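Engineer: OK, Swiss-Prot features for this one:
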type	residues	note
BINDING	Gly41, Ala42, Ser43, Gly44, Ser45, Gly46, Lys47, Ser48	ATP binding site
DOMAIN	5-243	domain 'ABC transporter'
TRANSMEM	273-293	transmembrane segment
TRANSMEM	523-543	transmembrane segment
TRANSMEM	576-596	transmembrane segment
TRANSMEM	600-620	transmembrane segment
Amino acid sequence: MTPLLELKDIRRSYPAGDEQVEVLKGISLNIYAGEMVAIVGASGSGKSTLMNILGCLDKATSGTYRVAGQDIATLDADALAQLRREHFGFIFQRYHLLPHLTVEQNVEVPAVYAGLERKQRLLRAQELLQRLGLEDRTEYYPAQLSGGQQQRVSIARALMNGGQVILADEPTGALDSHSGEEVMAILHQLRDRGHTVIIVTHDPQVAAQAERVIEIRDGEIVRNPPAIEKVNVAGGTEPVVNTVSGWRQFVSGFNEALTMAWRALAANKMRTLLTMLGIIIGIASVVSIVVVGDAAKQMVLADIRSIGTNTIDVYPGKDFGDDDPQYQQALKYDDLIAIQKQPWVASATPAVSQNLRLRYNNVDVAASANGVSGDYFNVYGMTFSEGNTFNQEQLNGRAQVVVLDSNTRRQLFPHKADVVGEVILVGNMPARVIGVAEEKQSMFGSSKVLRVWLPYSTMSGRVMGQSWLNSITVRVKEGFDSAEAEQQLTRLLSLRHGKKDFFTWNMDGVLKTVEKTTRTLQLFLTLVAVISLVVGGIGVMNIMLVSVTERTREIGIRMAVGARASDVLQQFLIEAVLVCLVGGALGITLSLLIAFTLQLFLPGWEIGFSPLALLLAFLCSTATGILFGWLPARNAARLDPVDALARE
């Protein structure tokens, strides 16, 4: 008869300083299907090491071990995990149940790694628990069970994927005599069903119940009676689970890993919440700075645009400070007419200015008098608190009318409710007040100079007696490139004058400078927020490393029941990503609250959350989880199952 498990000259040694300590010394052993074998020996004799090799948790240093004719030395880690999953079931002295899972969920774990569908797993687990008398304890947690009940759950878990070979390590060692007898009775039933049962024990009474007792001493077998040949094995072994394959198995495995990750996080709610806190603050900082910063930028740019940033000023001469007399009369009224006809011009206004005295009754103040057209106020986005601007008739007739700014009104008419219709002296010319203009506040501060505006025809003909213009201001239509407009304006006037005796000043440059400055500031603030996100990510990595250390035994249990290294890696990586995603969602919610709160106090701000900002937040959360969860997950996947199971 061909042995199910065949060991030939198995040796296992471990490094101890500069030396190698040999624990198993040339073990040769055959175990046949359906046998109930006890391996006995004193502590330190090597029986546990032998069991680990039999269960494919460990590999021999030398020698040959075959399972159903397959040499395990040729198998990689994943193939060994599959072998454990499909052929072996472990029963541990301390039960090794996962405390955050219910009885039913503990029993299902091996089938999860086998890829069995949820419904089939549930039915199989319920069937096994019913057979072992635990049908009324399926929703209990291990801490709510007695030792005997926990060991029966461990047996059910060992049988979940079929359990062709049952490896029981001191199965009664932590139980009272009655519970121990119940467990041994169950093991006898399994033997009768065709399972191969291998018991590792130091208790002679337990060993005596086996058909064959193998004694090991100092790493060598000192007693190995021949196997009792079995003609017929009653019942046959448990049915091996049928797994799904391909894409469905991948999706099912991922869903189960996600579920297990969620359960693990829920088991330590406070620690999970504190871990999330760093991510919440980081994501909220990034999103808030991006969104609120963009709203602030748009608010600033809107304010700048409202004071005439899409304007081009034309001055005579070569550059600022050029007072060469030959350029003084370069700009004419005909130039203004030609400019106004261009398709890209929204409005254009001339300017003729001089500093004059203003007088009303006994009030005498200095002011800057500016001759402009009626479009001037539209060009600079100015509004009227009283009256209105000049009309064409007043421009054509050189009417003696004037518009005051709010500061001039306050100086000349401190106690009057309505000043429209009042007459003041502008220089020596009487002028009737037709309006009060409200100037937009500039971010660069306001001038202390009082300002009044007259029709440019009045200013040129009646006040100054000149026929040329000091400057022309052009407002470019929305949507038209300001730089292109400046080039066309330069070409137009150069052709008209036959030379370039003027220069331009494009206020769009100010806008671009402000935009660049706000972008730089926003980038700086975003980097600060990203640093907080990185700190949060480091917190996640730290907690996950602690979690791996705390859950080392759990990792060993999962590997013993068939989890591959990739399964462990996936689970811990999903846990890290899940922490970051939930933290990210809460961070986005917090940033929404911050934005809405700001909008209550700053109603002029238009704060909006673009899908791109939310997508970036989601991607940041995922990337943080993957980046900072990789190291802990990799450490977990690299654990040796034997060492992991031995950890307290």
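Positions of Cβ are set from backbone N, Cα and C atoms, glycine also.
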Engineer: Averaged over the domain 'ABC transporter' (5-243), what pLDDT does the predicted model reach?
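Structural biologist: The average pLDDT of the model in the domain 'ABC transporter' (5-243) works out to 87.
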Engineer: Which residues in the same chain, at least 6 apart in sequence, have a Cβ under 8 Å from the Cβ of Ser43 (ATP binding site)?
Structural biologist: His202
Engineer: Where does Ser48 (ATP binding site) sit in the DSSP three-state scheme?
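Structural biologist: The three-state answer is helix.
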Engineer: Report, as numbers and ranges, which residues of the same chain sit near the transmembrane segment (576-596): CB under 8 Å and 6 or more residues beyond its ends.
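Structural biologist: Result: 258, 261-262, 265, 272, 275-284, 287-288, 291-292, 295, 536-537, 540-541, 544, 607, 609, 614, 617-618, 620-622, 624-626, 628-630, 632-633.
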Engineer: Using a 10 angstroms cut-off on Cβ to Cβ distances, just flag whichever of Gly41, Gly44, Gly46 is the loneliest among these binding-site residues.
Structural biologist: Gly44
Engineer: Pick from Ala42, Ser45, Lys47, Ser48: which of these binding-site residues has the biggest number of other Cβ atoms within 10 Å of its Cβ?
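Structural biologist: Sorting the candidates by Cβ neighbours within 10 Å, the top entry is Lys47.
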Engineer: Do any residues, 6 or more residues outside the transmembrane segment (523-543), come within under 8 Å Cβ-to-Cβ of it, and if so which ones?
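Structural biologist: The answer is 271, 275, 277-283, 285-286, 288-290, 293, 576, 579-580, 583, 620, 624-625, 627-629, 631-632.
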Engineer: Quick check: which same-chain residues outside Gly41, Ala42, Ser43, Gly44, Ser45, Gly46, Lys47, Ser48 lie with their CB within 8 A of the centre of the ATP site CB atoms?
Structural biologist: His202, Ile216, Arg217
